[in-house]
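J.: First the structure, then my questions, so here it is.
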Amino acid sequence: MGKNTASRSLSVLGGSMVAISLSFAAVALPTSAVAAENPSIAAAQKADIVMNYAVNLGEQASADQFAQAVSLAGEEGKVLSKYPNLNTFFVQSPRKDFANELGAKILGKNIPLHSLGPTRTKNVRDNENLFGKIASARSAQSYRGATESQFGAESNFESDPDTPKTWGILALGADQAANVDVKLAPVTVGVLDSGIDGSHPDLKDQIDQTKSVGCDVNGIPHTGYKDWQPTHAHGTHVAGTIAAALNNQAIQGVAPKARLAAVRVVNEGDNSIYPEYATCGFMWAAEKGFEVTNNSYFVDPWQFWVPGETNQAAGLEAVTRAVKYSQKAGVLNVVAAGNSNQDLDNLKVDSESPNDSTSPIQDRNVETGIEIPAMVPGTVRVSAVGLPKTGKQVDPRTSPLQRAYFSNYGATTIDVAAPGVGIYSTMPGGGYGKMSGTSMASPHAAGVAALLRAVHPNLPPDQIRELLKKQAEKGFKRLETPEAELARVEKQNSGAAPLLTAGSKPTASEYRGSGFVNALSAVLEDQQSPTIGEASYSTDDGKTWEPLRGAKINSDFKLRVHVSGPATAVVGTIGADKKVLSGQYDGSFDGDYFVTSGVLKVADLQGHQSLKVQAFGRNNDARAKDDSNDGISFEVVVKAVSAPDLNQNPKPSATQEQSPKPSTTQKQNPVQKKVTTSRTTKNEGSVAGNLAATGSSAGEYLVLGLLVVGIGGTLLAKRQN
């Protein structure tokens with residue numbers, strides 16, 4: 001492809017870079033990197049020009065050695081950004097022999113050195129020059145004479161006029177996902193790009209200004225409002241796809257409840273993204289705790305950085321360390337695959353780099369080259385697809401999808417596919433417009449990743465990445481096969497497409513990865529459910545607890561259920577509708593709850609019973625299937641109380657025969673007690689027991705009473721006579 005076509009614009013896709021941040025412990029070097037014992041040091045420049053250099057010490061370098069190396073660099077240069085957690089720093093110098101001189105000093109102090117070299121092939125811009133006017137072999141202004149910026153062509157890529165404006169949102173099911181009632185944790189998506197229009201009505205309330213930054217001046221972070229305003233429309237367009245607000249404006253984003261952070265890594269004028277900018281961006285993302293970043297660009301000035309080239313090794317190593325550091329810090333980095341229609345699994349040559357030069361190297365061997373950040377392990381690499389051209393509108397929700405002709409591909413490199421043709425989104429100045437590129441595909445995937453991180457805040461980036469790929473499998477069959485694509489292109493214009501180069505095979509254009517990203521699945525599927533643990537009971541008001549399952553309970557009791565995980569409510573019922581316990585909770589993934597009932601009466605629950613426990617998850621949509629259920633069987637046994645037999649008159653015991661007779665001066669009332677076989681009170685049970693203990697019956701007491709009355713009457717009559 002020509003310099004001014006898809007290759008540059010699509011591969012940079014989104015034009016944003018990374019922000020600045022602190023880092024992790026020493027980061028493992030890529031397998032292709034130069035070993036520290038054989039450091040890569042760039043050759044001298046042809047003349048004294050102000051250049052920025054990346055310095056990467058060996059992994060084993062100590063903190064003292066890092067400080068010493070920084071001090072040595074400051075003797076003849078000006079240190080820019082320092083990343084001790086990476087053992088990496090950047091320095092500016094006007095001396096043509098600076099790399100060799102500093103390398104010799106560092107090695108002379110026995111400090112392990114990995115690589116040292118320039119971050120670009122031209123002198124720095126005027127607003128980055130810390131040395132004033134220095135004789136230069138080239139002008140310090142724009143050097144895009146022979147090449148176009150990464151973003152220049154994306155607004156010109158061909159798209160079908162019949163394409164619905166927001167077809168990408170519909171194709172992902174993002175509009176439906178926005179209506180799913182599920183708890184979402186706060187998520188920040190860092191847009192490493194050309195900045196975001198902070199006044200756009202669809203974006204102004206979505207941006208976290210405290211986390212926004214500009215990294216495009218020597219890779220040093222600046223946090224003023226103007227520092228992250230757009231240098232190009234690219235970043236604003238990308239931001240709208242990710243998280244444009246649900247406010248009845250023209251569009252909505254894939255993840256409208258996510259927060260955005262503008263991380264400007266694209267400089268003004270050239271629209272370039274140099275290693276010091278990108279390193280700043282990724283480190284910023286790590287320091288500020290972004291859950292996701294979107295990276296719709298490649299790092300300039302080399303589309304493919306060759307680790308064995310001394311003028312490329314240091315810049316490549318610095319960015320790679322920063323990307324890996326951010327991943328270890330919990331950031332999921334989503335990246336555009338690029339727009340040069342190349343097989344990233346089988347790179348051959350590149351004729352468009354360096355793109356900051358008026359004379360790019362023709363047919364440069366890049367078989368060992370690396371596109372950064374797209375080819376850094378652990379990132380999510382996204383290819384671009386579009387709707388088929390049928391001459392009429394199709395339903396984006398169900399329509400087959402085709403690879404965008406400009407999209408890079410690779411069977412082992414691409415992770416997922418996403419909409420990237422004719423994407424309608426926000427533009428600076430409050431407007432909207434269409435752009436095409438893998439730069440547009442990546443933010444669709446980043447939006448889905450943001451949804452996944454909001455639904456699963458407890459999962460690390462690598463698990464979210466795998467979940468994104470797993471859920472994309474559902475849409476795999478929607479994607480045109482490489483064989484079908486080859487046949488279609490050949491029929492349309494035989495011999496014209498790069499797919500048809502000599503010796504190529506249909507599988508060479510494998511772009512599908514795991515499939516097509518799915519926003520609706522992100523909020524409905526693979527939801528973590530609460531765990532219902534042991535159910536127990538207590539007959540001593542909660543002092544001790546015994547397992548409920550299979551128990552036989554014969555006295556009043558309480559029930560208790562243990563529930564852990566993301567529960568929002570727990571309900572326990574016995575029988576059809578008798579609710580015996582319940583609780584409301586916040587859905588925390590580390591939740592740990594004991595739900596206890598009040599006192600339950602055995603007389604109300606005789607026989608075999610079952611406690612049905614329902615633990616409700618964070619999602620209120622029935623399709624989510626994130627609720628848990630359990631049934632625990634037990635038995636309630638009531639001890640029967642024997643009723644006194646009024647028809648029997650047992651012989652009094654010796655104790656009873658010796659009992660004193662009632663006094664004739666004390667009035668005795670007959671004892672009257674209703675005896676039943678039903679539940680009695682404690683007092684009632686005591687009276688019945690006393691009667692039974694004496695061996696007497698109610699009849700005996702009645703006869704005795706009448707006898708006393710008769711005798712008393714006789715005595716009274718005699719006394720009166």
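Even glycines carry a Cβ here, placed using N, Cα and C.
For 1-35, the entry in TrEMBL reads signal peptide. Annotation comment: TrEMBL describes 187-475 as domain 'Peptidase S8/S53'. Residues annotated as active site, charge relay system in TrEMBL: D193, H234, S439. What TrEMBL lists as compositional bias 'Polar residues' is 352-362, 645-684.
For the listed features, I'd like the structural context: burial, neighbours, distances.
T.: Other Cβ atoms within 10 Å of the Cβ of D193 (active site, charge relay system) number 38 in total over all chains. According to its DSSP assignment, D193 (active site, charge relay system) is in a strand.
Cβ neighbour count for H234 (active site, charge relay system): 35 (other Cβ atoms within 10 Å of its Cβ, all protein chains included).
For the compositional bias 'Polar residues' (352-362), residue counts in helix, strand and coil come to 0 helix, 2 strand, 9 coil, using DSSP.
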J.: Over the domain 'Peptidase S8/S53' (187-475), what is the model's average pLDDT?
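T.: Mean pLDDT, the domain 'Peptidase S8/S53' (187-475): 97.
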J.: So how many other Cβ atoms are close to S439 (active site, charge relay system), meaning within 10 Å of its Cβ?
T.: 37
J.: For H234 (active site, charge relay system) and D193 (active site, charge relay system), what Cα-Cα distance in Å is obtained after rounding to a whole number?
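T.: Spelling it out, the Cα of H234 (active site, charge relay system) and the Cα of D193 (active site, charge relay system) are 7 Å apart.
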J.: Name the secondary structure element type, per DSSP in three states, that contains S439 (active site, charge relay system).
T.: helix
